[in-house]
């Protein structure tokens, strides 16, 4: 089988150039305009993807047409569409446009779309940012499901009738779209009848066995969300068969007591606090350093890796402007994979050697480590007191968060694959440097505002780095320095409380 320089076979090229693909691109562009007029994809948000109707190919193996990210959907043209293989490999990308357009980028929804294709055998997936889909998740900010019954438009949802109760799972939002992938997959597995998943304060993912089914259901879902909002405004219950008056939850008086038991919060550093420094310096960093080249060569055309390359290009451009040692120009794509990967590897090695805390590096390391955890080459390491402390705090209603310079994905991988099992059940959230540098007080102020506690002093931040403790204290947090084996010595006059174990907190 002949392959071109990008590793695309001649057969795949013929499929990409077929009239079926062109027709699907035309349809995708037309639907983008329609959805824009519906208010579902304004501000470049939202997206759509369609399977190419290749009747002689199994649905799971058919080509995928996908709208790009960050593009005005009402001005979308067929040429703007990406063509992907069934596993998400980019086979055809749109040409770059001149200013003021940004370089084309495949939708960050891609990993979520692929889950719907794989788990539901979908023929089309729509991601809407329609206001009603956001507000529907806010009716009850603690609800994990949206429910409605006895409404005519329920009949438009696959597998449902007028008398059925429509249940749509709700997952929590994150700053980056692809971080929702695992939560979306879990919801799809837990709700086998569902044809949609709501994302709180964000929007909805809807799929069907064809574009007609997905579009029809999308229209019905948005209608039903609007209906539920209006029923609530009238004091009526959309989940009641007679849509009678809403009843106040009996547990409401307990809210104050629950708040009292959980008003204090722990925020933990990882390296030198929950995890030995040696694990990071002697295991994680070397693994990432040794696998940069193989990672890029094996995943080069995936949307996630293309985004890694974009972030690295941006960082290198900034480094070159600032004369950062070790920065090397990354050649354009036309130079070929080998040249691009070689330049990327030089830059990444220099960043790792200098222990740079930049997002581009941390995101990439997280993706490389993920492969290591998945194939069993890596296992997270935490001190013996960590699982016991986390379990005790959780039992007392105290929430625990992680704040590390490593990406949130890397943090989840460590705690999801530890020598004591999966500890993520005890953690309420993860912060990385996208919220700010760990040695800057404003970062901790942002964490305080995000967590919603009454006062910064309700937060105890545990770290092994004096400069981080100083920044946290400046923001009003309680700071504790951990004295772990292998940690750097502290000056005698540091002035902070110390602990040798999280159990002492």
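Just so you know, glycine gets a Cβ as well, placed from its N, Cα and C.
All chains included, 11 other C-beta atoms sit within 10 angstroms of the C-beta of residue 152 (active site, proton donor/acceptor). A helical conformation is recorded for residue 152 (active site, proton donor/acceptor) in the three-state DSSP classification. Sequence annotations record features per position, and here Swiss-Prot assigns active site, proton donor/acceptor to 152 based on sequence analysis.
Look at Swiss-Prot and you will find 109 tagged as substrate 1 binding site. Applying an 8 A CB threshold to same-chain residues 6+ apart, the list for residue 109 (substrate 1 binding site) reads 47, 49, 69, 127, 177, 178, 205.
Residues annotated as Zn(2+) binding site in Swiss-Prot: 127, 129, 202. Taken residue by residue with DSSP, residue 127 (Zn(2+) binding site) is part of a strand.
Less than 8 angstroms from the CB of residue 269 (Mg(2+) binding site) sit 402, 403, 404, 438, 461, 462, 463, 464, 465, 468, 482, each of them six or more residues away in the same chain. Annotated Mg(2+) binding site per Swiss-Prot: 269, 271, 464, in sequence order, evidence recorded as sequence analysis.
Per Swiss-Prot, substrate 2 binding site is recorded for 404, 405, 438, and the stated evidence type is sequence analysis. Mapped onto three states, the DSSP output places residue 405 (substrate 2 binding site) in coil.
Look at Swiss-Prot and you will find 1-237 tagged as region 'Methylthioribulose-1-phosphate dehydratase', backed by sequence analysis.
Feature annotation from Swiss-Prot assigns region 'Enolase-phosphatase E1' to 266-505.
For residue 202 (Zn(2+) binding site) paired with residue 271 (Mg(2+) binding site), the C-alpha to C-alpha distance reads 33 Å. Excluding the listed site residues 404, 405, 438, the same chain places 269, 270, 271, 357, 403, 406, 432, 433, 468 with Cβ atoms within 8 Å of the centre of the substrate 2 site Cβ atoms. In this structure the C-alpha atoms belonging to residue 152 (active site, proton donor/acceptor) and residue 129 (Zn(2+) binding site) are separated by 24 Å.
For the Mg(2+) site, the Cβ centre of 269, 271, 464 serves as reference, and the other residues of the chain with Cβ at most 8 Å from it are 270, 272, 273, 274, 275, 277, 404, 463, 465, 468, 482, 487. Neighbour count (other Cβ atoms within 10 Å of the Cβ, all protein chains): 23 for residue 271 (Mg(2+) binding site). Of the chain residues outside the Zn(2+) site list 127, 129, 202, 45, 46, 128, 130, 133, 134, 199, 203, 204, 205 have their Cβ within 8 Å of the site's Cβ mean position. Binding of substrate 2 is attributed in the record to 404, 405, 438, and the widest Cα separation among these residues amounts to 8 Å.
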